[in-house]
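Asker: I have a structure I would like to understand better, so I am pasting it below and will then ask my questions one at a time.
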Amino acid sequence: MSSKSVIPATVNPDLQKERDAASFSSEEFAAWWAGGADKLNFKRSVKEYMYKDIDRAEYAQLYYKSHEDMCEFAVKSSINVAKKLRQLQAERNPGGNEYWPTLFEEPEMWGLHLAGNPFGVMYVMVVKALKAQCTPEQYEEFGKRLERFEVTAAYAQTELGHGTYLRGLETRADFDRETDEFVLNTPTISSYKWWPGGLGHSSNYSLVMAQLYIDGQLKGPHLFYVQVREEDTFEPRPGVHIGEIGKKMGFLGVNNGFLGMKNVRIPRSRMMMRHAQVQRDGSYVKSPVDALAYFAMVSTRCIIARNAALLLAIGATIATRYSAVRRQSPIDPKLPEPQIIDHVTQQLKVFPEIATSLAHRLASNYLSDLFNVTTKDIDQGKYERLPELHALSCALKVISSTDSTEGIERLRLACGGHGYLASANLANLYASATAACTYEGENTVLLLQIGRFLMKSWRAAQSGAPLAPTASYLADVQRNPEFGTWTGSWENMVKAMQFAAANKTRIAFNSLAKRLANGESEEVASNHTGIEIAQAAELHSRAFVLYSFLSEITGPKSKARSSALNRVLEQLLELYLVNITLKNMSNILRVVHLTDADLCQLQARLETALSKLRPEAVSIVDGFDFCDEQLNSTLGSFDGNAYERIFDAALKAPMNQKSVPKSFHEHLGPFMKSNI
């Protein structure tokens, strides 16, 4: 069958018409989205360098590979990315690190890691964890080797029988005074490490979370650096049982693995000892703050929040461009079929997801800034910000992953049957987004952790104690419990969400207190109040996203943007605030008096916001500045030639390279003939 491409070299005229009609500069939007013109130019130059000579034909056939071939391809492509980034670093700034390894797992590289990056966790988590948990001497001894990619490592925390509940982990590390070693064991099947990315066949070391025992006494979970494979042969080390867990919904080539250990001995110096220590005589020095042992997870949740927003932005780009070139279902029977983006119901499926990706990205920027400030505080022995950082990282991880997952599915549905094609890439985006609802803390468990923070904050506010900045509204509501007049302004809608969150926090707090007063233990009472606590946590999370979105769009930074760009950003803000307010109306009506006329006005504002964004939508998603390789979609390419790309992908499918399949000769043909 012919391999000649049927894709035109021109841009779809409907898509070009949309770009020509925009009232603002998508280039200015792109510079703002990237964090400035310099950062935008930097990212574009990197993508131009990295994507210029890739084998696009091989990438296009990726999803037809077997699982083993997919994993092999993931290793090959990831190593090629590493080589090119090293080369780029050497060419542009020898001795620096702004290209390698900084960009190895960044979104700019996602189009090169289509099967997943089995070494991504190594840099996103393990190297960062070693820097945060090692003593300087330890990092010099084995951390730098990993940073230079002389060895590879996974982060082994989750077990077959335990995930988010770290205190329940069964892997144990017993200190042996005689040999000055730790002895690691996974005593049951449920204690096997399960899920770590890259652990299966791509790592020869692993950072292992295990319960520390000294003289049979439990000291809690600690991190240990364990060699699991030989460096030269890559064979498993004695006592190590290691392999891959099998095919998954997504992250197909990430090589997630399992790890069992039987009497695996490591030197005492392989326990992370920056904060907690085990001395030569077996004496134990406790960490000043227990949460420091899990600080790598907080760092990763910051990245998850950002990445979830970008996954949603990719999905929104695909669906918006497809909506501009797909024509179907006349609105006026006397006129030709319109672009489906003209249908208001289609706009409601697509445009709110554009706004949501902005809101979550801006919130994740705030979280990253808080993380950096807190890291500096920890270096100086200050730990006051840790509870707020933990709660906020949980909040944004939960909200971003949940909204991204649900939003990408809405966007897939907005693309009709073609959205179901693997070549549309929406299914793969969904698989990536929904995985984030579970890894690095299952979302319901994290909501309950946020809820505990809110219960403590509510109690502190009652006593007049100061609250963390992101929870200060709880004290405001306690001091002034009446909402006041509904005006429908942006500030008013943010305040309404804060009041709804505070009210649900109050309800959960009172329910918890009542159960405690009736004799239930704190643990049992918390379980019985779990639904209300989780609801309060979700509202708190949404209140923060609304607040941060409003602050970024209307605050001092707006003065650096053109009036045209500000107008479009304000339209996105309006859509987001009105849509989220309507979706949470059942909770808002418990604290705010709105009339039927007020609700009708909100509905009218929603429809007006959609209408105003209609001529801007394509240029907005252009401003996200994803290249076609990052989108990896037949529906969402920059040229808008969706039908031709769908057809071209089908023509190149392996099954279409033969006119008659083998199964006809072996099964179908003989069976039909047997009935004659």
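Each Cβ is built from the backbone N, Cα and C atoms, and glycine gets one as well.
These came from TrEMBL, pasted as-is:
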ACT_SITE  Glu440  active site, proton acceptor
BINDING   Thr158, Gly197  FAD binding site
DOMAIN    26-151  domain 'Acyl-coenzyme A oxidase N-terminal'
DOMAIN    294-455  domain 'Acyl-CoA oxidase C-alpha1'
DOMAIN    490-673  domain 'Acyl-CoA oxidase C-terminal'
Asker: If one measures from the C-alpha of Glu440 (active site, proton acceptor) to the C-alpha of Thr158 (FAD binding site), what distance in angstrom results, rounded to a whole number?
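Answerer: Just about 9 Å between their Cα atoms.
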Asker: Let me check the 10 A CB neighbour count of Thr158 (FAD binding site). How many other CB atoms are there?
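Answerer: Excluding its own Cβ, the number within 10 Å is 20.
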Asker: Could you give me three numbers for the domain 'Acyl-coenzyme A oxidase N-terminal' (26-151), the DSSP helix, strand and coil residue counts?
Answerer: 90 helix, 0 strand, 36 coil
Asker: Using a Cβ-Cβ cut-off under 8 angstroms and a sequence gap of six or more, which residues of the chain neighbour Gly197 (FAD binding site)?
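Answerer: The list for Gly197 (FAD binding site) reads Gly116, Pro118, Gly120, Val121, Ala154, Tyr155, Phe251, Val254, Asn255, Asn256, given in order along the sequence.
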Asker: Mind looking up the mean pLDDT for the domain 'Acyl-CoA oxidase C-terminal' (490-673) in the predicted model?
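Answerer: Its mean pLDDT is 97.
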Asker: Counting across all protein chains present, how many other Cβ atoms fall within 10 Å of the Cβ of the residue listed as 'active site, proton acceptor'?
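Answerer: Around the Cβ of the residue listed as 'active site, proton acceptor', 25 other Cβ atoms lie within 10 Å.
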